[in-house]
Each structure stands twice: as C-alpha cells, then as structure tokens.
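These notes are about the structure you will find just below.
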C-alpha cells in the first residue's frame, strides 16, 4: 500500500499547488474587501508532505527536526482548510484524508475525526486506503471508542497484512481485547506483536509481561509462572517491568494453591514482593500485597507497617483499609476495625468485602440492626458473589432483631457506634500520620521473628486524627454525608467529639462496672481521645483550616501537566467515547448508608453490568498509565478484599466472609503512546483507582466534570454527516468550547492529586493515546459523533481484476497479468482483495417481523417407512434456505436404526477408556441464563473444562439418575402442594432464589476410529445420502482429510441441564444431530440472516461471538424482532440444521446424541462458507474448513453444473493462482529458492502457526523445524515480520505451477443434469 499512498499524496499535492495558483489569480481580481493571504506551499514542502501519513503517528522524529516539521504541518493544515473553504468543500476526497493525517500528527483529534469522516463520505472505496483506516482507528482509540477502533484496525490487517504499523495494531488490539475480557483474542494479538521485529509503542519486555499476565487471568498458572520467571531472566530488564513482574509473581504464589504447599508459597511470595519493592519502593500495591502475606502467616506488626506504607505510597485504597480492619478485628480491637472499615466503604461505596466484614463486626458485637444495613449494602454491589447467603443472613438477623427490640439493656450497652454515628468518625491518626513511616516501613521488607504472633495488639487510635491540613487523607477527601438524614446545624469540626460519641462515652462511663473487656478498651480509647480533644482546643487558638466536607480537596503540590500529552480542547462537541460518569460527590441515602449506583456506561462498553470496564475507561483515559499501575490483583483481581481465600483461615476465626474475587485486573494498562523506557512512567499505582466492579472515585469523576456524556452509535445504514464550508470545525473553534479547556489527560485535572502524567508523554513524538473523552456539554458537533459506517455487507459476486484479468482467462493469461500486478500500487497481499472490500455484519432483514411471528412453528416431517426417508423432496426441503431447521421425526424407526449401539452401556463395553471432555455447568431453566448467584440474567454461559473417560462418565450419568429418583421419592413424601397446585412458574421462581446445582456435560467424544467403532459407523450408512457422514454430494467429503467433529462423528453424553451454548457451525456448514435417548432435548434456533444481530448482542455483552460461550436472553431477541424456533427433540429424531443457522440447546433428560456436519453441493452453502472464511480472517480466527484447499480438490474431483457455484469456485482458483505466482516472483527477486515437498496422501491442510490463516502450496518453514522434520509452517506475512529477508526460513512448494494451471484450465462449467434420487 505504500506506493499507493504515495501516489495519492503526490496527486493531492499537485492539485494543491495548482489550486494555490488559481486562488492567487482569483484573489488578484477582487477589487474590494482586504483578505488575508492564504499560505502557500513550496514545491519542496509539497514533496515533504507526500511522505506524511498516519503511519508516522507516534513515530515522527520530532526530536531532530520537530519544530520545523510541526510548523510545516500547521502550515499545510491552514492551506488545506483555506482551499476547502474557498472551494465550498468541492475538492478531491484525498484532501480530507491528508488533512486528517496532518491533524492526527498534530494531536488535533476532533479535526482529524472531522476530516476522516468527510473523506469516508466522499470516497466509496475508502477501505482500500490502509493509512486512512489506521488513522481513523488511532482517533477512535484515543477516545476509548474501542468497538470502532477494533473494527478499523481489523480492516487494516485484512486489506494489508504487511502494513508498516501492523505490530502497533496488534499491540493495541491486544490491549483493547484485554480490557473487553476477550483474553484469547488479546493473547493472540500480543503474540503476533511479539514475533514482529519492527518497533512499536511498548518494549518487548512489556509485551511479554502482558502475555504472562493473560496466562494468569486465564488461570493457566503454570504457564504464567514460567512466563514471569522467563521474563525476569531478561538482560537489562527495566526496573518498572521487573518490579511489577515480581509483584504479580509473588501475589500469584500467595493466592494460588496449585503452586505448592502454603509455607513454601508464602515464603516465595514474600521474597518476590521484597525484591519488587527493592526495584520500586514507591509501589503502594506491592506494600499492600506484602501486608496481606504477612497477615496470613501471623506477622501482625509487619502487616500493619506494610499497610501503612501502602497508604503512604498510593493514597486512596479501599482494599488496604479493609485489610487493616481485618487485622484490628483479629486483634480484638473492634473500634479500630470499625473505623478502618468505614474508611474503606467511604473510599469505595460498593466495596462488597468491606461491607460484609463490617456487618460481621457488628454481628459479633451483637448489633444486628447495623449488621443488616451493612449486609444490604454488600448485596447491592456488583462484586458481591454470595448474595443468596447474605440474603438468608439478613432475614435471620431481622428476626433476631425483632426479638431483641424490647430489651432495653441492649440499646444502652452498645459496644460500637451505629453505622450512622461511625460514618462521621475520624480516620485513625496512627495510620494517616506520615511521621516516622519511612523509618518503620523499611523494616517491613525484612523478616523479623520477634514481630510475629497473633496475640499482639496493634497501635490504638490515640488521637482524633490530628489533621490540621484538612482533607489530606484520601478517605477524608472522599467523605460523604452521614447515612442518616443530614442535620440542620453546621458540621462539627473534625477535632471535636460528635454528640453521638459524647452520648456513647457517657453511657460507657455510667455502666463501667458491667462492661465487657472490649467495651472497657473502647472506653479507654475514647477517654484518651477526649483528653486529646481538650489539648487540641488549647493549642489551636481558634485557627481551624476550612476543608471541603464532601468533595476532593486541591492537591498539596501542583500536578505537572504535559502539554504534548494533554488532549486538545474539543471544540466540535462530545466525543465518541465520552463516559457518562457524572456522579454527584454528595451523599445519597440508600438503605441508611450511602451507596452510589454506577451511571450509564460509554457506548463502547455496552454491557450494563460491566462497571469494571467503565471504571477503566474513566481512570485510564487513552490507556495512559505506566506499568506500575497496570496489573494488580490476585490472578488479575483488583478487589483484594479481606475475604480472599488466601486469608480465609484467620478470617474465619472472627466470622469473616471467605469469598474469592474472580474479576480480572485489566483496569490498568500500560500506555502504548510512546517509545521511551517504562522506567519513567507515571507515579500512579494500581491502588489509586477504584477496584474493578466499583463506581469510579470522585477524582476520576472530576475528569469528566465538564459534561462528558455517552453518545449513541449510528445505525449500520447511516452515513456520517459531511463537513462542508458551512461546517467550521476544520478551521475554527467554538468560543465557548475554547474557553473551557477540557484537558482530559489523566493527571491534568487539579482534582486528581493521586495521578500525574507520565514523563514518557513529554516528547512531542508521543502523540497517540494522550487521553480523552471529556468535552463541553454545550459545544456543538457538526459530526454528531457518528463514526464511519464499517458494516456494509460484502458482495461475493465474482468481479474483474484491476489489471484486466477476467473471471474466465486461461492460466497463462493469469500469470502474465500477475507480472504487472506488483506495479499498479497494490502490495502482494492486497492482490487477492483488489475488488473485495472487507466483510461486514449483515443488517437485520427488512421489514421487521410482527411480534406474533417471532415464535414460528418448527418445520417437522414425520417418516413412516424407508421410502419416505429416501424421497428426493425431503432433501430439497431440508436444504431450502427458507427452512433454518428441520426436525425429521421417526427416522430411527423408519430406517430401523439400532440406536442401542450408541447407548451408554454399549459405549462402555466398546471403549471404556475413550477420552471425554467434561463441561461443568449450572443446571438452569432452558429458556433462561442466570449468573452463579441466581440474581441477574446474563448472556455469558460459563463452564469449567476437565477430562474423564466414557466409563467414569457413565458412572456419573447413572449416579445422577439414581439421585434424581431418590430426590423425587423424597419430594413425594414431603411436598405440601399437589402437582395441580404447583405451576411451572412457581418452580422456576423457587430455583432462582437459591444457588443452582452443578451438572457435568460429556462432550466432543471422538467416534471416528473405524476399528473401535466399526458397528456404530456401519449403522449410520443406513441414512439417506444427503445426511450421511461421507457421500459424493457432501463438500466435506472432498477435503481429503479428517476434520474432527465435522466430517467425522462426535458423541455427546448428557444429564438434565447439560447445555450446548449458542453458535453457528464451523464455516456455516449444515449439521445432523440424532438423539439416542432415552431423554429429550430442547432446542432453540435463529435463521442465518439474523446472525449479525446475534453477533452485536454478544459484542454488547463483551463476549466473542465466534469463540465465546453464550446463551441468548430470549427477551432481548424478541425486543430486537429476532424470530426464535423452539422445539423438543425426542429419541430417534434427526435435527437438520441448515446452512448458517444459529442454535443452542439443553438436555431435558438423560440422553446421548451423535453429531456431524454436512456440506450440500449448492452455491448457497459454498457462498456462506466462503463468507465465514473471510470473516474469520478479519476476526483473526482459524477457519476449521480450509476453503482454498477444498476448492482446488472440488475442481479436481467434481463436475459443477450450477453456474453460480462454478463462478465462485473459479474465482477462488483465480485468486489463489495469482497469489502463488506473486509470491514466487517475490522469492525469485529476493534470491530465495523453493524446495520441492510433494504433498502426501491424507496430509492435512496447513495453517500458519502464528496467525492461523490457511497456507496453500508455498509453506514458509523455520530452518530448525525443517531440520527436525517437524515443519512448523508460517505464512509469508508472519515469516517476513520475523525476518525481512526470510533468513532462517525454508520455503517448501507442494504443487507445481504447471499442475495448478492444468487444474484451473480444465475446470469448466458442466452441462446441467436433472438429478433423480439423492
């Protein structure tokens, strides 16, 4: 694409120069109205600009000639804008594309977006311009519009895999997929970035860390451990990378049981964390982790000192305060524990663990009313994982409280202040005082035998927070009003005792003789506090510094601002990624305790439940954080609560919860915006932001205080409004917007003292990812924020090549034309796509269906005898595209199939040790999908993979059946309602109240071995030809090798509740499923034309449509006018799933099923298979069916009389032939010889071991693997990224060009024949 971009740029520069001359003549002819002369570009300047496009973004060498280059870009922008205005917008589209590039390099993101959208609206084949798509993707990435950035970047790689910034694209795709919790895709793109030898924003070590962290998030702990330890062996490893690697490695050993026994794990964890602090002593997260480790082994004092250091280094951290509360509670210091928990929940109103621990504390002090309030707030948090248990506990405490209500002594001798009183308590001075912390903190990194022992008492709160500096503490800055109604009188100064505390003190003094030891200790503390109050009153002399009671204070030190990293003032209106996080800092009474609900998420975070992602987008605008703030959490967890399983032992002693956080820590990602060392990264740490799943802190909300709002996406058929002469964003800024300089870079707001911009951003070269998202509410956007439409359905109709290659030339003509293809401005990889735009999601069919047609009857055919099964119209009916699914009932009886051959008993007798993949799932109603707590519906269908044998699963299947019989008998003897009184809805509602039981689903059992399963496979030959595993009319029979589960039989063993999640078959092939019985299965199916809608639903729910596990919410589908077929499959029924049908199903009873795929020899089947092949390529997903290899085999083996099918196959052969010839010529030019490697019989098709695209004929194999005869294959693009001159690679050739030419020439349209029986 390089030459193409240069030619376009040269043409634009020439037109610009000519237009400048014409403009000068026109200006000279004007008699009146003095006008400022527009700048003119010299020939030298125009020539320099021809080499400027978006690929320089972040790499422009402004260090050497920065001022002059920037001045040239500014001049070029003024010149272009002037010409566009004078021409009233009627200029060549390339002007706008160049203008977008220039503004992008100048960090004028709103102008860049405006210009790019104008180019998009004018240029119909914009998708051919990789530089445009790359620049547009960078703008979207800057605004955190990840959904659109991903689409733009994927299209760049699709049309030009060798794009000069492909590594940067893979890096950013990896980061975005990581944020979206699509870890498989993220890992793949990071690995693709790692093998690329070119430069990108992150160092190789940082990319390796991301890969290791992804292993950890995926719970592949052994691989993560090896990756972390391998990274630590790297020479000259930057200190920041070393520190965070040791941090994650240490914490992983502390929390993961599989990594060894507890003693060795904790010792190794502490050692790693100490080394991490040696590399980066300022990491509050490492101090916090170290404190957790010390706490777990009983070193209370060391843990306390580490927590104190964490607060000192990282400011606001609800996790740390929660853990401090646990320490105090373990040491029988309830008042201190109370204050620490209050700090935690004030910092993070939705910190479920802190609320649960606080409730436990109140419950242990016999204060059920306060415990109830805390538990209620815990259940409101999205991070709460044991809501049912809490709900039961709340119900129990409410009953207990009613019994205690009449006990007057209970109210008089409360051990702790109520939750309302505690909300106004001061923060412990011992914890917030920074005096002497440095000297005591250094001892925390050394093991002190004398400092261990659980019987020690922690430092009490000896003063009422001697905070004359107002809101210096993070928790103090986060204070909200009391959960009770706000008093009418002004707030009491922080150094005085509140009336409630004074009343409590009087009560304790009056009952001194009858107080318990803990109450006596609290009385002593309050008396000490009272004496300190009197002393402070004497010392203060009336000088009290005013503070903000409910909002963040100004930082004590000015926050540095990086001018080159600050986002430009947005004059053109809201941005695509603006975040609707404008929460009010004040209090909200909710259940007597403030609880802030998360607000609307940005449009690129469309899952309403994914508040963790929303928090990330607020706290890490533009992914502009250093490595130190990247990754912190147990196995990726950010909510490092006191309830983590690693510390469950000590916690259980005081009745604390033992839930384990499970959300991954992808909140904080390293900035890919610059190329300097990460050692100079931001001083922020991972604890400076709210944990995952929580409402953002007020500091992050302050970044959005200027009116950042969420915006809607345009519908797929809408095009962006065009900029014109009446559209001033290209040349002017709104005065209102200009006066409100909304620098949204993290750290540029005075209300966020915990964050400061990274020094890496100071260089003008780092122009990408400097934050963004906030804007003026009243600023106007002529663009209306509508991104370029990237979703137009691709036409697969064969088209002519730009080099006069028709669809029917001879092979000689094709090769002759290929010799000139490299000269027409297209790269070798783009030759295949010179008339094929990237594939798009199909829009939903129009007009939309009426609501009464959204549950259509499932086409069903009843067979009575063998003749019915072989009747030709049956085949035609099943393969008719208007029938997405067909149920053939009575098939087994009509054909006298012996289904007993597939029964569990026969399977155990035939092959008991056959491997079975087991999916552990939750047993739920078939038409619903709930989270583990049973409280919220979701699309994500979670399961745990394991393996067993047929014999062992058969035992489980039988035991499950026996258990069900036993339960049924027990219910008959105990049930109070008759069957007529018990409705299904009542049954379902009951199941929602409690946790669902787990079931195990035996899946993907390979039944392809003809020696082991001879009788079973022979029995299936009784089926009609169109439904057989192997037949001449089955496309998959022409692949030439086995594709497990597709052209071979697979078996499924089920118990009630076993689910097959939603999906389309690989490459949209048809499928056959026979229920062996004895139980039934329930199916759901959606027609193929609606798969785009299903994909969008998955995207909204942060699930990968192609690789993720999902169970659709029927309410969502009906609301979107998506028809759903729903039916029961009984034993002996055959379900035929037509091409591309989306489906999912669940077992109602105990049963087995057999399954395989079929490819009817039709143009419709081939078309949809090729479409999915190209869509998989765009999405970087492996296609299980090698369509190129299959097409050549079809050309060799069959005669095609269908004109449409013939054209598509011929066009595929043409493109492949062109590609082979082009690669051959490139190898000859590079002096690289090919090695003949004849294809062996039944040899599988080859895929690139890196990017997983199909590799045909010319295989790039590493020299090492070739010498070992293992032949690790790569595609040309990946091989050249690894080594530009292909050094270290051997190129194997499997087909001679003469043979391919002969196949191509001999493949011709056969005369139509009238088919009879099939």
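Cβ from N, Cα, C; glycine included.
The annotation region 'Disordered' is assigned in TrEMBL to 14-46 (among others).
Across the repeat 'TPR' (93-126), DSSP classifies residues as 28 helix, 0 strand, 6 coil. Taken from TrEMBL, the feature repeat 'TPR' applies to 93-126 (among others).
For 130-163 (among others), the entry in TrEMBL reads repeat 'TPR'.
Residues or ranges marked as repeat 'TPR' in TrEMBL: 318-351 (among others).
According to TrEMBL, the compositional bias 'Polar residues' annotation covers 434-445 (among others).
What TrEMBL records for 434-498 (among others) is region 'Disordered'.
TrEMBL lists 448-460 (among others) with the feature compositional bias 'Low complexity'.
The feature region 'Disordered' is assigned by TrEMBL to 534-782 (among others).
The compositional bias 'Polar residues' annotation in TrEMBL covers 638-662 (among others).
TrEMBL lists 670-691 (among others) with the feature compositional bias 'Low complexity'.
Residues or ranges marked as compositional bias 'Polar residues' by TrEMBL: 703-712 (among others).
Sequence annotations record features per position, and here TrEMBL assigns compositional bias 'Low complexity' to 720-729 (among others).
According to TrEMBL, the feature compositional bias 'Low complexity' maps to 748-766 (among others).
What TrEMBL lists as region 'Disordered' is 833-854 (among others).
For the compositional bias 'Pro residues' (836-848), DSSP puts the residue distribution at 0 helix, 0 strand, 13 coil. Sequence annotations record features per position, and here TrEMBL assigns compositional bias 'Pro residues' to 836-848.
For 964-978, the entry in TrEMBL reads compositional bias 'Basic and acidic residues'.
Helix, strand and coil content of the repeat 'TPR' (130-163), in residues and according to DSSP, is 27 helix, 0 strand, 7 coil. Mapped onto DSSP classes, the repeat 'TPR' (318-351) shows 27 helix, 0 strand, 7 coil.
Per-residue confidence over the repeat 'TPR' (318-351) averages out at a pLDDT of 88.
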